[in-house]
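So that you can see what the record holds, here are the features copied from TrEMBL:
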- 25-56: compositional bias 'Basic and acidic residues' (COMPBIAS)
- 57-66: compositional bias 'Low complexity' (COMPBIAS)
- 74-83: compositional bias 'Basic residues' (COMPBIAS)
- 84-96: compositional bias 'Low complexity' (COMPBIAS)
- 104-115: compositional bias 'Basic and acidic residues' (COMPBIAS)
- 139-150: compositional bias 'Polar residues' (COMPBIAS)
- 155-165: compositional bias 'Basic residues' (COMPBIAS)
- 253-282: domain 'DEAD-box RNA helicase Q' (DOMAIN)
- 285-491: domain 'Helicase ATP-binding' (DOMAIN)
- 21-117: region 'Disordered' (REGION)
- 139-165: region 'Disordered' (REGION)
- 253-282: motif 'Q motif' (MOTIF)
Amino acid sequence: MDSTLEGLSEEQRQEALALAAVAQRAEERAERRALERAKQQKAKEKQQANMKKKESAFFSKSRSSSNNFITYIPKKKRQKMGKKSSQGSDGAQSSQTRVLAPEILKDTTTTREDSVSGNVNVTSTAWTQKERDSVRQTYLGKTSSNLAQQAKTSPSKKKKKKTTLRTKKATFRFTWDDTDDTLDANDPLYSHSLSIAANRKRNVTHQSGDDSLKSAHSLHTKPLGTMTSRDWRILRENYEIVVKGGRAPPPLRNFREANLHPTLIDALENVMGYKSPTAIQRQAIPIGLQRRDMIGIAETGSGKTCAFGVPLLQYLLSLPHRILDRVADEGPLALVMAPTRELALQIHGEFEKMLSRQSRIRAISVVGGQSIQHQAQQLREGVHAVIGTPGRINDCIEMSYLVLNQCCYVVADEADRMVDMGFAPQMESILDAMGGALKSENEQEAYKQEELDLTNGEGLPKHRLMSMFTATMPLEVERIAKQYLRHPAIISIGDQDSVKNARIVQRVIYLSGPSKKEAALRDLILNPRYLREKVIVFVNEKKNADGVGRIVERTGRTCVVLHGGKSQEQREENLLRFRQGNAVLVATDVAGRGLDVSDVAHVINYDLPTRSIDSYCHRIGRTGRAGKEGLATSLMTDEDEGIMVALKSYLEATGNPVPEKLARHRAANASSLGNLIY
């Protein structure tokens with residue numbers, strides 16, 4: 001094991017050892033279960049053997065007790081047989097209770113008793129009709145002619161119907177909550193169920209899209225006071241909302257039910273064009289308005305910015321003027337951290353739209369690539385919300401440009417990406433510098449503290465609120481969440497493992513060598529299906545991005561390049577060109593997370609990630625967003641051995657085909673440290 005962990009950092013060693021310990025415990029549990037199953041099987045086999053032994057003893061006893069096919073009948077059965085015999089004869093023979101076995105009456109070979117010697121004669125002979133009549137006369141008091149005559153003259157007996165006495169049966173009454181009963185005849189959501197049942201009785205297929213739309217619509221129009229707990233459960237199921245971690249308020253049906261500030265509702269509906277909340281917004285907004293800590297897990301492009309932005313801005317708009325007017329001296333009231341400057345600028349743009357109908361609240365972006373002196377001047381003038389990257393925010397704190405004395409509302413967007421990029425120390429430094437106390441570790445006490453903060457309308461809340469949005473939960477993110485969040489509500493939309501990208505068709509093209517990638521890329525770029533669509537090509541290093549960009553340009557397609565070596569102005573200009581046209585974007589992982597670029601039809605991995613499968617998931621997540629389908633193509637060579645195990649497992653987990661060369665490759669079937677980490 002030590003040789004396997006050579007060359008890893010201490011953190012990676014600890015993570016690998018922890019995962020190995022988990023695997024060992026799982027193996028021990030499996031071994032214990034196998035031993036228990038073996039013991040149970042052995043006991044079962046022993047029990048079956050005992051049963052067979054008892055049956056064998058019983059049958060051998062029965063055979064020994066039978067005397068040459070003469071069977072002794074129990075007393076009750078003899079009495080019944082005697083009654084039946086008396087109906088067809090004078091009853092003279094009713095006292096005889098011995099009858100011969102059925103084989104004696106058949107025309108077969110059998111053994112007969114020698115009356116002279118008393119010994120059994122084993123000579124096999126056939127019974128004649130005269131002998132049968134003699135036996136019947138002896139034991140039944142009838143001959144064959146008597147039996148035939150009786151069959152003609154006696155009427156056939158009808159079977160008596162078995163009658164049972166009616167008894168008063170005990171009726172079991174089920175106890176249930178009446179609030180679960182929503183089958184009201186006047187409720188339009190369920191009123192059509194009777195007609196469906198009637199049609200089924202008539203073998204009529206009832207399938208109407210209009211009816212299903214009316215049923216779903218009725219949940220949104222039903223009076224709020226009449227909504228039951230079952231209605232809310234149905235609403236969550238309709239939008240695939242899963243909430244864990246303590247109590248949670250009902251989801252939103254529309255923005256106006258959230259009791260938001262009028263200017264905020266106006267901006268959402270008329271500036272941003274929202275007709276109704278998205279799935280993550282329906283549940284995240286009411287939880288944020290209750291000042292509960294929250295972890296949101298949802299696919300990209302699902303409206304996460306408004307999901308955490310609406311509660312944050314509602315909190316700022318509800319504060320009194322005396323608190324809003326002192327931000328120049330005391331610092332901002334809310335903070336949003338994002339992993340990249342592009343994502344931070346995008347969030348700032350969304351905040352500007354939500355604040356466009358009012359003039360009291362001011363938000364700025366603090367990111368690298370721009371003048372820190374200009375940002376410091378803006379902070380001195382006073383701002384209410386700061387959106388930025390952990391690196392630049394931490395620089396401003398260390399240089400005393402930014403103070404967080406009264407900042408008790410913080411959001412960490414794409415938290416796993418920030419940790420992956422090495423921003424964990426900066427995140428912790430920023431969180432430690434914030435104002436407000438952490439809530440109690442006791443769940444009920446924490447709920448009381450949240451309620452006190454909500455009712456304290458004249459001052460700042462005494463406890464901080466933190467919302468974390470992430471696609472995965474690596475150990476470092478989980479550690480930060482346990483340290484700074486208290487009893488968070490965990491919201492997931494759709495498949496709880498949202499990074500599986502199940503709607504994305506994934507293809508892997510196995511090439512003989514890296515020199516074949518250029519021709520393969522040209523064929524993919526010039527595919528007629530995607531000539532008028534947005535395409536993203538990912539590379540691992542910025543030094544290769546410009547070269548791949550030139551390959552794309554030689555095909556005649558418009559190409560823009562995005563990587564860390566570009567200035568901030570160049571990066572913003574290139575992103576704008578990509579959003580507005582059907583260009584090809586060549587980018588490193590800096591564009592792999594959080595960018596809201598709609599209608600990306602095809603993602604191409606010119607270079608496969610070398611670190612972990614998470615980077616692959618985040619890259620292909622640029623397509624197939626917000627419920628749409630997408631295509632992701634990866635160019636693979638023998639040099640990609642480091643990701644083969646994890647990629648093979650991922651393709652199988654998402655139901656995508658595994659190329660034969662990848663499936664048979666030794667690296668794809670080897671157990672390695674990388675596979676443990678995955």
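For all residues, glycine too, the Cβ spot is worked out from N, Cα and C.
Predicted automatically and left uncurated, TrEMBL annotations should be read as such.
Across the range of the motif 'Q motif' (253-282), the DSSP-based residue counts are 18 helix, 0 strand, 12 coil. Mean model confidence of the motif 'Q motif' (253-282) amounts to 93 (pLDDT, 0 to 100 scale). Sorting the compositional bias 'Basic and acidic residues' (25-56) by DSSP state (H, G, I as helix; E, B as strand; all else coil) yields 32 helix, 0 strand, 0 coil.
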